[in-house]
Amino acid sequence: MSHPKNQPGAPEQHDSLSEQPAAGARSRVERLTADLERHNYLYHTLDAPEISDDLYDALFHELQTLERLYPRLRSGYSPTLRVGGGLLDGLTKKNHSRRMYGLENVFSGAELRNFLARMRRVLPEAPLLFWCDPKLDGLALEIIYENGVLTEALTRGDGASGEMVTDAVRTIQTVPLRLAGAGPFPELLEVRGEVIIFKKDFAALNERQEALGRKQFANPRNAAAGAVRQLNIAVAESRPLRFLAYSLGSVIWSPAPASGRQHDVMERLATWGFLTPPEGKLCAGVGEVETYADFVRERRPQFTMEIDGIVIKQDSLEAQEALGFTARAPRFAVAYKFPASQVETLLRRIDVQTGRTGVLTPVAVLEPVSVGGVMVSRATLHNEDEICRRDVREGDTVIVQRAGDVIPEVVGPVPGKRRAGSRAYVFPHVCPACGETAHRETGEAAWRCGNLSCPAVRLLRVVHFVSKAGLDIQGIGQKRIGQFVGAGIVQSPADLFVLTVEALLHFERMGEILAKKIVSAFDEARLSATLPRLISALGIRHVGGQTARLLAGRYRTLDELGRADAETLQSLPDVGPEVAASIRNFFDSPTNRALLVRFRELGLWPQGATSASGENALRGKSVLFTGSLSLPRARALELAEAAGAVPASSMSKKLDYLVVGEKPGGKLAKADSLGVAVLDETAFMALLASAGL
Ligand code: IVH
């Protein structure tokens, strides 16, 4: 794709235009903008250019010249904004106005039928009409338009908030900078979709990397995601990115033209100038959905982009609203994933690695091979039992598969291809990092290194602490932490906050600017850490982000959490005996207690949001909705979450509140029998109001 790149070099034209009166210039700028938009769309979105690259460049250059002469004529959607030369200091985070959910996956026709049957159970009147399209494998993005003009773009991030990547997204040629057509346009329109790289563009990109002696990209998705999230906007511009739109976030449009179906949304997106997933289809009934899945699965190699399944969406937007979301995913849509692609390759050897929790994980070191378009050279072998069960041996030809987008795994040896004289693999019972004897508890599959000062465990705990799952300290990764731990200046996460510029200057290729930046990154993280992040950063087994948020909603400080006994912990939703025991174990360890003392001394001691006077009765409480409320279910959930409540996915006696609308169904009776508190809509609204919502 070369056409509208317009770097310097295009002939300077129309010098005399500088003498034009501003009114003439204005109409010329408008004409040029509209023409360039059209040619851009024809070239990049429809793949059907009408003019030569040279002519396009000349028009583009003329517009640039006019805008330079009359800067006030440069509109917020000018095609010249696509030329990104900027450099950002960092990516700013911003909340999505509506959460960007992931999708639940199904892998077989039976699972799909189950999902759709559940949809019908939840909402019997839901029509059996589904909009289906291929599942794209890229980076999910939300692009915001105000009165038809692009104002912001955000990555999905953790679903609640994403990173602002507006400048990079403007360089993507298939993203309209203003909506096409005559309007009227919504006051606010959030378009959601995926940034991808077409297969042929990816191959060319990697060839170019190779010619330049640079590292190849593992797959189109990494190359796309990496480019959008770069601080250097020129990187996004230099990669052949495309944006394909598949759904909407918030829309403010009054009076909204009637468009109650996903199918209409897709048509509307296309008329506004968006590229949409190819081969989308409206399917009536489960049978048609399955036929469509077969069709896409068979045609998968012919698709211009990597796809890993299909997405099935309830076509009625009203039914979508009514079905709403579970804690993780919509109830109105599902991803039907295709079976992983499998290939054969040589298993060179088996390495054993010690992880953050001391678990020894066997890793297959493979002759590099492409699996479903991704180069794979290492794959997991899970644990000792799995290796035995499959009788995988070093030197075997093995089958490797990528199940969806997860880590590749070794399925097993290829029968009949084993070399003569091969020997069964013997799993080592010592830690490869510290040499200490490992142990395996009854009922557990994993061998573990129990050495509290094992260098591998120590390193990975600190790496986890700063990672996205922990305090999310930007610019500090495993490599940097490895240097600090290797030099002995960091042994626990607390040591990070006493690092000095002088101490860092001893490291190779570390100047004063970088050293200061690192020290202030730690300081900033110390001051801005929130309780949920800190709990998650501790790396307590079985306590991920979701549980950390829940705990932070219930306990005000780490001390309070550390004092909770196992029984109290188990009264929380999603906390079973195993999680409770693991939390207790953590706080009972003298080493961990000493760590917390240091955190407090260092001023790394965030307070949870639980209000001391307890006015907000929803914070940290689990809620479930049933029956129809006067507001859409999704909105009710959003409000509950904003008050700090945790949405539950099913009834249990640990549920705090069942919020009951009209025609509640069986859940109400169940709540009574389980002794769960029931709120009607008025009572729920009152609790929201007391939380300031
Ligand atoms: S519709 C409420 N359609 O896959 C979510 N999503 O793995 C509605 N994705 O979060 C999304 N292709 O980012 C939809 N054709 C498609 C898609 C698609 C890829 C993404 C989406 C989703 C993720 C889940």
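Going from the start of the chain as shown, residues are counted 1 onward.
Glycine is treated like the rest: Cβ placed from N, Cα and C.
Of the residues Lys200, Lys215, Lys313, TrEMBL puts just one in the NAD(+) site with Asp53, Asp54, Leu55, Tyr56, Asp57, Asp133, Arg156, Glu194, Lys337: Lys313.
For the domain 'BRCT' (613-693), the model's pLDDT averages out at 83. Each of the recorded positions Lys135, Arg156, Lys313 was scored by the other Cβ atoms within 10 Å of its Cβ; the lowest score goes to Arg156.
Helix, strand and coil counts under DSSP for the domain 'BRCT' (613-693) come to 29 helix, 17 strand, 35 coil. Set side by side, the binding-site residues Asp53, Asp57 differ in how many other CB atoms lie within 10 angstroms of their CB, and the most is found at Asp57.
Note: the CA-CA distance between Lys313 (NAD(+) binding site) and Cys434 (Zn(2+) binding site) rounds to 51 Å.
Cβ crowding, taken as the number of other Cβ atoms within 10 Å, peaks at Cys431 among the binding-site residues Leu55, Cys431.
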